[in-house]
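Trainee: Could you have a look at this structure, given as structure tokens, before my questions?
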Amino acid sequence: MAPALTALNRCFVLGILLLVTAGTAFSQEVQAENVTVVEGSTVEISCHLHQYDGSIVVIQNPVRQTLFFNGTRALKDTRFQLVEFTQKVVKIHLSDAKLEDEGGYFCQLYTEDTHHQIATLTVIVPPDNPLVEVKEQAVEGGEIELTCISPRTKPAATLRWYRDRKELKGFTSKQENGKTFSITNSIRFNVDRKDDGNIVTCEASHPALKGQKKQTQYELDVQFSPTASIQPSQSLVRDGDELNLKCEVTGNPRPTEIIWTRLNDSLPDRAQIQGDLLSFPSLNLQDNGTYSCQVSNKHGRSSDQYVLVVYDPGAIIEAQTQVPYAVIGGILALLVFLVICILIVMVWCSVRQKGSYLTHEASGLDEHGEAREAFLNGGENHKRKEEFFI
């Protein structure tokens, strides 16, 4: 009885092993690989066959529409192309992959039992160049708020602000739109007129970019009140010379109108105005006076004055020779004064040190003199004592 039970157990175990082996063999008849593709690119979907015996192979899309039936096209979507069908593998190419193509593709093998594997297709959406929006017009002394936007990415992109190669910390928000994300990064900072025209950069990074960055540069537009400055074409002029006065203007918005006037008088008839230029083709002594240019915009106004002095030929030569010598003379006088001060200090220090030395020397002589006198007096007394005893 015992040998019979042992044989029965062996048959049972062998049957279990055969079933497990058969199940393993069947599970390996078809295999699929998960793939990832960038939106708009081409991707390959593969179904690997094991122990293929010519049975029917069907490839279906995520909504279970049949793409290929045993190598024959079944769906009129020409973006799907069968590129290989052998006893080991079935390969199809999907061109211009879209987000709607994402999902599980079924590799089905019809034998005595139906076996299938799912190849999961993941479509990632890289960001375009980010958009930059400004909340309101910036004015000097105020703040500016800029928002960088990446409206459609998958997975969510990372946005950063940079200025002068230094990152600016901002506030980031994320909004989900179906399978994609909209990302924003906002910054605020104080601005002055010197910031007008400076560049800030918004940078987007994403796994699909493979280490590259998408950037958008924004030129700061900071409005400020105008300034005016008159610059002459030459500083010294004489009767008959030509002179151009230019009113150099800054401001945002830039002033479009420049008003030239003459203090307490009208402009000379010969003077010509061409925008920021006030020209005198031929000067004479009657053109002497104070000239002014005035500009304005919505943030303020500004003006500058220039005193015009027209010399005759002799006066202009004298003025040209006196100005350099006056400057040089002033410099030389200052140097002489400094040298005299230094000499006085040196002499005072020298006299002070010498007086101290003479005082000490005199004190020493007095001491030696007293000692010598005492010695001599002592000698005389001794002689007197000797004479007395004799």
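Along the chain as shown, the residues are counted starting at 1.
Cβ from N, Cα, C; glycine included.
Below are the features listed in Swiss-Prot for this protein:
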- 1-27: signal peptide (SIGNAL)
- 28-122: domain 'Ig-like V-type' (DOMAIN)
- 28-326: topological domain 'Extracellular' (TOPO_DOM)
- N34: N-linked glycosylation site (CARBOHYD)
- C47-C107: disulfide bond (DISULFID)
- N70: N-linked glycosylation site (CARBOHYD)
- 127-219: domain 'Ig-like C2-type 1' (DOMAIN)
- C148-C202: disulfide bond (DISULFID)
- 226-309: domain 'Ig-like C2-type 2' (DOMAIN)
- C247-C293: disulfide bond (DISULFID)
- N264: N-linked glycosylation site (CARBOHYD)
- N288: N-linked glycosylation site (CARBOHYD)
- 327-347: transmembrane segment (TRANSMEM)
- 348-390: topological domain 'Cytoplasmic' (TOPO_DOM)
Trainee: Give me the CA-CA distance between N264 (N-linked glycosylation site) and N70 (N-linked glycosylation site), in Å, as a whole number.
Mentor: 102
Trainee: Determine, using Cα-Cα distances only, which of these recorded positions is closest to C148 (disulfide bond): N34, C47, N70, C293.
Mentor: N34
Trainee: Given the recorded positions C107, C202, N288, find the one whose Cα is closest in space to the Cα of N70 (N-linked glycosylation site).
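Mentor: Of all the candidates listed, C107 is nearest in space.
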Trainee: Roughly where does the domain 'Ig-like V-type' (28-122) sit in mean pLDDT, to the nearest integer?
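Mentor: So the average pLDDT across the domain 'Ig-like V-type' (28-122) works out to 92.
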Trainee: Using all protein chains in view, find how many other C-beta atoms are within 10 Å of the C-beta of N34 (N-linked glycosylation site).
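Mentor: Excluding its own Cβ, the number within 10 Å is 12.
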Trainee: Which state, by DSSP, holds C47 (disulfide bond): helix, strand or coil?
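Mentor: Once the DSSP labels are grouped into three classes, C47 (disulfide bond) ends up as strand.
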Trainee: Near C107 (disulfide bond), which residues of its chain come within a Cβ-Cβ distance under 8 Å, counting only those 6 or more away in sequence?
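Mentor: Same-chain residues close to C107 (disulfide bond) (Cβ under 8 Å, separated by 6 or more) are V30, Q31, A32, C47, V57, I59, V90, H116, Q117, I118, A119.
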Trainee: Would you list the DSSP helix, strand and coil counts for the residues of the domain 'Ig-like V-type' (28-122)?
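Mentor: Summed over the domain 'Ig-like V-type' (28-122), the classes give 3 helix, 54 strand, 38 coil.
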Trainee: Across all the protein chains here, work out how many other Cβ atoms are within 10 Å of the Cβ of N288 (N-linked glycosylation site).
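Mentor: So the Cβ neighbour count for N288 (N-linked glycosylation site) comes to 13.
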Trainee: Just to confirm: which same-chain residues, 6+ apart in sequence, have a Cβ under 8 Å from the Cβ of C293 (disulfide bond)?
Mentor: A228, I230, L245, C247, I258, I259, W260, D276, L278, S303, D304
Trainee: Identify, in sequence order, the residues in the chain of C202 (disulfide bond) that are 6 or more apart from it along the sequence and have a CB within less than 8 Å of its CB; answer 'none' if there are none.
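Mentor: Listed in sequence order: P130, V132, L146, C148, L159, R160, W161, N185, Q215, T216, Y218.
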Trainee: Please report the three-state DSSP label of C247 (disulfide bond).
Mentor: strand
Trainee: Given the glycosylation sites N70, N264, which one's Cβ is surrounded by the fewest other Cβ atoms within 10 Å?
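Mentor: It is N264 that, of the glycosylation sites N70, N264, has the fewest other Cβ atoms within 10 Å.
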Trainee: List the Cα distance (Å, whole number) between N34 (N-linked glycosylation site) and N288 (N-linked glycosylation site).
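Mentor: With the alpha carbons as reference points, the distance is 89 Å.
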